[in-house]
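These features come from TrEMBL:
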{"type": "DOMAIN", "residues": "B:72-261", "note": "domain 'ABC transmembrane type-1'"}
{"type": "TRANSMEM", "residues": "B:12-32", "note": "transmembrane segment"}
{"type": "TRANSMEM", "residues": "B:75-99", "note": "transmembrane segment"}
{"type": "TRANSMEM", "residues": "B:111-132", "note": "transmembrane segment"}
{"type": "TRANSMEM", "residues": "B:189-207", "note": "transmembrane segment"}
{"type": "TRANSMEM", "residues": "B:241-261", "note": "transmembrane segment"}
Amino acid sequence: MAYILRRLVFLCLTLVFISIITFLVFRILPGDPVQIMLGPDADPARITAVRHQLGLDQPLFEQYIHLIQGFVKGDLGESLRFSMPVKTLILARLPLTFSLALMSLVIVVFVSIPLGVLAAIRKNSWGDIILSSITQVGMAIPTFFVGMLLMILFGSMFRLFSPGGYIPWGESFFGALGSLLLPALTIAIPQIAVCFRYVRNEILEQTTMDYVRTARGKGATERATLFKHILRNSLIPVLTVFGLILAEVIAGTIVVEQVFSLPGIGTLLITSVSGRDFPVVQGLVLYIAFVVVCINFIVDLLYRVLDPRIRLK
Amino acid sequence: MIHSKKKRNMNLIIGGTILLFFLTIMVISFFYTPYDVNKIQVANKLQPPSSAHWLGTDKFGRDTLSRIMTGTQTAFFVGAVVVVIGLFFGSIIGGLAGYLGGWFDEIVMRFIDALMAFPGIILAIMIVAVFGTGITDTALALGVLATPSIARIVRSGFMQNKDLDYVVAARSIGVSPLRIIFKVIMPNIYSQLIVAGSVAFAGALLAESSLSYLGLGVQPPDPSLGRMLSESQEYITDDPWYALAPGLTITFIVLGFYMLSNGLRELTDRRS
């Protein structure tokens with residue numbers, strides 16, 4: 001319990017830091033955001049009006065409190081470009097990005113763990129060497145290039161999927177699945193590479209442990225040793241990597257939505273940055289960071305639930 | 001032991017060779033490119049690879065090979081700036097936090113955790129949104145981004161070293177803390193710093209290409225491999241080689257840095 005409390009305090013501290021960083025980046029750094037937003041020839045009266053609308057004419061501390069209050073209430077102000085609440089804009093695009101991230105994560109789990117186990121069992125076999133080499137390339141390849149390669153391979157050759165374009169879930173389940181499959185795969189591939197290597201190394205490390213020798217000494221079959229002993233112990237540390245992978249998956253959606261022209265959170269972020277729509281950018285950055293930090297917190301807690309040894313320490 | 005010494009460090013050899021190849025191309029590109037990088041020849045647009053244009057031409061009829069050659073300049077420039085910024089500030093922050101410990105360390109680490117909680121690309125986008133785009137701003141933004149993870153590595157190196165005999169000895173003869181940090185301990189974690197630097201270089205290349213692909217990084221007329229990819233996208237199904245050339249170039253350079261860092265790690269592991 002004390003541990004959870006301490007972690008909660010850390011979580012709150014991290015969130016405060018994040019909000020301060022976001023807040024400062026948009027206010028204290030050189031250059032007037034409103035001036036940048038409206039262009040160099042903007043009418044001074046208009047600048048004053050927008051400054052007032054954004055609350056930038058208030059003292060810094062009050063602005064910060066205002067931001068936090070808004071964040072907690074889910075009110076992030078109004079978009080300058082769409083003249084709509086930022087919240088409405090985000091909520092409209094959330095289902096797409098959420099399902100994209102979820103699908104990628106499912107693919108990562110179901111591909112990387114079995115492959116990692118297989119490679120570890122057959123260490124230094126040709127299969128292992130080939131898989132390890134491929135994953136090294138997989139880590140080096142830019143996500144958006146993966147997407148383009150998949151488009152070259154599938155988009156034109158088979159025309160099975162619909163690269164570029166999104167069919168909402170409500171309209172057609174299989175249509176949505178089809179339109180998100182290639183983007184999800186694109187996000188997943190570099191993460192599969194990371195996760196595969198981690199699983200493989202973790203299993204190889206566990207194999208050298210005393211308890212494995214004991215299990216074998218007792219006469220447990222290789223299969224039982226692997227599934228009942230090694231795998232259970234090696235997948236726990238893998239969980240920590242999943243926190244990181246989730247952050248990468250969320251970041252991946254931002255880029256990959258551009259590749260496949262999907263109207264999600266990422267596209268909103270990029271168009272808002274290009275359109276100098278600061279309330280939207282600030283709101284999105286805050287929420288994304290918030291989600292990532294909370295996920296890492298949950299992963300941390302899960303880690304303890306799954307591994308009693310940590311609780312005892 | 002003897003066996004492991006005999007085993008060749010393939011990562012170092014292959015990674016080093018890849019990087020040497022692209023570094024050579026970059027150096028050559030300062031003096032010579034097959035064609036003028038920005039010369040537009042609409043009649044020649046979207047040519048497939050041929051003896052005249054080894055890697056084909058782009059949608060304006062510009063020679064892709066020449067553009068990739070100059071594009072490596074931007075890639076290496078951004079990478080180098082990022083690594084210099086990251087190593088400089090990362091060593092100072094991580095060194096102080098690791099050596100001093102206590103509340104200073106606690107605050108710095110919380111701050112670093114918070115910075116690292118932002119998915120990298122989002123932090124970069126946020127900085128670029130405020131600072132503006134362009135080659136220098138991109139490099140600075142990514143340098144800020146590289147600092148926390150390097151600071152962490154430096155910090156853990158310091159925590160391992162600060163109570164070792166040689167540091168205690170230096171302290172007991174009255175060497176000043178700053179001198180201990182930078183002259184006594186720092187040289188002992190150079191190998192970790194070099195590995196961290198080459199990982200940061202690879203990360204910077206990936207991030208720069210992503211930002212430029214999104215239109216938020218390097219701006220024309222500065223050549224960028226990421227932007228070449230985004231320009232090629234509308235032709236992807238009919239003229240795939242247009243995207244393949246810059247895409248594979250980025251992949252190989254990043255791969256080179258990853259292999260180099262793995263190789264360097266193997267090298268230091270073997271020594272110890």
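Glycine residues also receive a Cβ, built from the backbone N, Cα and C atoms like all the rest.
Automated prediction, rather than curation, is the source of TrEMBL annotations.
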What stretch, picked from B:12-32, B:75-99, B:189-207, B:241-261, has the most CB pairs under 8 A with the transmembrane segment (B:111-132)?
-> B:189-207
Leading contact stretch, B:12-32, B:75-99, B:189-207 vs the transmembrane segment (B:241-261) - CB distance under 8 Å | B:12-32
Give residue numbers and ranges for long-range contacts of the transmembrane segment (B:189-207): same chain, 6 or more residues beyond its ends, CB-CB under 8 A.
-> 75, 78-80, 82-83, 86-87, 90-91, 120-121, 124, 139, 142-143, 145-146, 149-150, 153-154, 157-158, 161, 250, 253-254, 257-258, 260-261, 264-265, 268
Outside the transmembrane segment (B:75-99), at least 6 residues beyond either end, the same-chain residues with a Cβ under 8 Å of its Cβ set are 22-23, 26, 105, 108-109, 112, 135-136, 138-140, 142-159, 162, 177, 180-182, 185-186, 193, 196-197, 200-201, 203-205, 208-209, 218, 224-225, 250, 253
By Cβ distance under 8 Å, which residues at least 6 away from the ends of the transmembrane segment (B:12-32) in the same chain are close to it?
-> 66, 69-70, 72-73, 76, 249, 252-253, 255-264, 266-267
